[in-house]
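First comes the structure, then the notes that go with it.
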Amino acid sequence: MSTAQRRVQELEKLILHHQDRYYNAESDISDDAFDALWEELARLDPGNPLLKAIGSDSQRDAVKKRHIVPMGSQHKAADEESFSAWAKKNALQAFLVQHKLDGVSLELQYERGHFCCALTRGNGIVGDDVTANVRGMRGFVPTLTAEWGPCGNLPFTGGVRGEVIMHKDIHRSHYPTHANCRNTVNGILKRKDGRGRTHLHIVCYDAVPGTPGKPFTGSLPFADETEKLAWLARQGFVTVHSHRCANAQEVVALRSEIMRTRELLPYSIDGLVVKSTDLDFQDAQLPRPKKQIAFKFSTQEAITTLRDVQWQTSGVTYTPIGITDPVRLAGTTVKRANLCNPNMLTKLCLKIGSHVLISKRGEIIPKIEALVSTPAHAQEIHIPTQCTSCNTVLENSGSRLFCPNVNCPLLSHHRITRWIECLEIKHVGTELIQRLFEEKKVRRIPDLYTLTCEDLIEIEHVGNATAKKILEAIHHKKEIALQTFIAGFGIEGIGETMGEKLICAGFDTLEKVLHATTETLESIYQFGTELAKSVVTGIARVKDDMCELLDRGFVRILAKQQAESPLRGKSFCFSGSLRNGDRATIHRIRALGGVVRTSVTRDLSYLIFESLSQPYRTAQKLKKEQGVALEIISEDEFCRLLDQASASCTHTGETVHPLQGKSFYFSGASRSMNHKHAQEKVRALGGDVASSVTAQLDYLVFYSQSTRYRTACALGIQIISEETLHKLIATAQSPLHTDAHVHAPLHGMSFCFSGDLDGMTRAQAIALVQRLGGTVKTAVSTQLTYLVSNDPHGQSRKCQNAVRCGVRIISEHVFLALCTPGT
């Protein structure tokens, strides 16, 4: 038997097992994970009989009855490409889009207008009779009015289809120990005593005339799906939320909007049902109707195969990273997944070849969550026992695999890299650090400041000009905040955020930090005994290097904040993807004495929100349940707060230059100021003048479309005109108060791209728009500002939709001009 055949057999067993758990017990995997198993079976064995079967929710001792029309399943689309292919194949005139309710399917049968019985899906042909429980549910209608037949005066005989759901607030208050609403509904439906049935709602979406086995007999009082929903509503049924879309692009746009706001719904949905607006009786009787599809939300979980485990080093810590077969997850292709620590390998019983469930819930690297199955030929995972750098025997505490050697080269290298990252020293990349470290030119942080041009020129591909640029970048950062200084030494558990906590707790000078004890540190909020010990031990090991940096004048620690700093004592947390919530904003807050937090806690001052994300909901909960004095403000309110703080700084004489931390490259010949004069002004205002275009560049000052101009476009670097540079320089008279439109020239604009671009890829164009404050849409709608297309004839579907919607179509050249204000 081949490997593929063995996998097919394994998939059959898994699917049958999870179908039974789904309908008759607590489901032990997510819908996304089950769909992944189904799709894998369809790929390996398209003709497998199991793919044509329908799962059963039947109980063996329940009374069985036949459906009026078989309850089939639906085709599924997990992404825009799959949905667009389905839409193109079926060429429907219009689309009816409905919430895909996450509940239990139900058929209510009526005879001459009177309720007879209620059936679950069962095996699709016959279902369990749950009549007694349904009578007590919300939304149940016992008698229908005489609105049937050619004259509209006959009582209805047939079935009404719907979904039994539970609202999320009911689930939270009455069934907190149950996994989810659907599992709870399934359990209540099958109770013989009817307990809990009043907590359930019936939401309807279909009506089928006829009798069991003889569907669609008799005339209809409606002509299409929209009129059907109206008829159901007139009868007193609660109907599913529906929306009519003219084309596939509108469906995609609607899905994106609902994905953003679905947490506000009182019930759970896991996608949308998209169907034809026309009635088609023959199609409705198919096991999987062709003219409707379940348009699922972006997959957050998937099943794949673990092929290898690589051990990634961060300092002296070894972290396992799982290498898997490629799988689509939340709109991206995933091949690497985090395994956290050796404990996870043991806990999940993982082996090379295991089928695993991975998730991606906002994390950059997806995480392996669970073991699905392990084939017989799977191999054990090798856990390293010796340090790859110093050959010291590694210590495995379960939660961490690490080298205990305090003089391990890995630790020294990590500290140097961390220092470069914290100080944001440009032009010193990981490859250069590695070469300097290997050639023993830099083995400690102070060694960076004793480098000479000759040292650097000896490194391959480093010339005299580059060497000077590197040295200038290293020595440019002279004054450093205390929390940055401490974080730069890579002490385990201490980044800038925890450094700020130290300062807020009274350790606001290096001398106080150096003399801190475990007992004094463990009393600080979010510091425990272990972290306190780690900090004290780590500080002791790097104390000499810290003192050398300061004693030799390589760097200086900024004087501690004065009490009059306008944001002193205030802390901020950002929720969602703010258009201005970038690194420059964080620097601006810190320059004014404020603190930036990564999570919502009791002592937070402000939450700046753009969307109803998890931090927003946590903040609301803290305010409501614990009476926390936390202000939740919009981004516009936040900007006004910063402006007021900036004005306060101006009155007190405190200045923070608007070009601090910004880098510029000058392209072409200036019309009104020579390069040297412009560069002097930029440097005087705290900016940095770059000699080449790299991904780290902030601005390219545009005079002509040189090669470097095109390189900057491709890298997504903001391109500004000479006039815009004048505006930036002029803001020096009003420190920190910058014109939002200078930094975000596309603010308030939305763009959609059609076809290929000449000067950059679509991904680069999207990155450029987002960097300049604009938004990117995947479909054309009346809310769109511009459609970017190089099609001179406007024959694409997006161009045609733009014409119908009154959206302006612009070329790539005009698009680049918009990205370059002042030209």
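Including glycine, each Cβ sits where the backbone N, Cα and C put it.
Taken from Swiss-Prot, the feature NAD(+) binding site covers Asp31, Asp32, Ala33, Phe34, Asp35, Ser73, Gln74, Arg121, Glu163, Lys275, Lys296, and the record attributes it to sequence analysis. Residues or ranges marked as active site, N6-AMP-lysine intermediate by Swiss-Prot: Lys100. What Swiss-Prot lists as Zn(2+) binding site is Cys387, Cys390, Cys403, Cys408, and the listing cites sequence analysis. Annotated domain 'BRCT 1' per Swiss-Prot: 562-655, in sequence order, evidence recorded as sequence analysis. According to Swiss-Prot, the domain 'BRCT 2' annotation covers 654-742, on the basis of sequence analysis. If you look up Swiss-Prot, you'll see 741-823 marked as domain 'BRCT 3'.
Taking the features listed in Swiss-Prot, we show where each one sits on the structure.
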residue	record	DSSP (3 states)
Gln74	NAD(+) binding site	coil
Lys100	active site, N6-AMP-lysine intermediate	strand
Glu163	NAD(+) binding site	strand
Lys296	NAD(+) binding site	strand
Cys387	Zn(2+) binding site	coil
Cys403	Zn(2+) binding site	coil
Cys408	Zn(2+) binding site	coil
Could you tell me the mean pLDDT the prediction assigns to the domain 'BRCT 1' (562-655)?
59
Can you tell me the CA-to-CA distance separating Cys408 (Zn(2+) binding site) and Lys296 (NAD(+) binding site), as a whole number of Å?
50
Measuring Cα to Cα, how far is Cys403 (Zn(2+) binding site) from Lys296 (NAD(+) binding site) in Å?
45
Fewest-neighbour residue among binding-site residues, criterion Cβ within 10 Å, set Glu163, Cys390, Cys403, Cys408:
Cys390
Using C-alpha positions only, work out which of the recorded positions Lys100, Cys387, Cys390 is nearest to Gln74 (NAD(+) binding site).
Lys100
Can you check which residues sit near Cys387 (Zn(2+) binding site), meaning Cβ under 8 Å from its Cβ, same chain, 6 or more apart in sequence, and list them in order?
Val316, Val393, Leu394, Cys403, Asn405, Cys408, Leu410
Quick check for the class: what is the C-alpha distance, in angstrom and rounded, between Glu163 (NAD(+) binding site) and Cys390 (Zn(2+) binding site)?
63
How many other Cβ atoms are found within 10 Å of the Cβ atom of Lys296 (NAD(+) binding site), counting all protein chains shown?
20
Including all protein chains shown, what's the count of other C-beta atoms within 10 A of the C-beta of the residue listed as 'active site, N6-AMP-lysine intermediate'?
21
Could you measure between the residue listed as 'active site, N6-AMP-lysine intermediate' and Lys296 (NAD(+) binding site) for me? Cα positions, answer in whole angstrom.
8
With the Zn(2+) site defined by Cys387, Cys390, Cys403, Cys408, which remaining residues of that chain have Cβ atoms positioned within 8 Å of the Cβ centroid?
Val316, Thr388, Ser389, Asn391, Thr392, Leu394, Pro404, Asn405, Pro409, Leu410, Leu411
Do me a favour and check the Cα-Cα span between Cys390 (Zn(2+) binding site) and Lys296 (NAD(+) binding site); whole Å is fine.
50
Going by DSSP, how much of the domain 'BRCT 3' (741-823) is helix, how much is strand and how much is coil, in residues?
29 helix, 14 strand, 40 coil
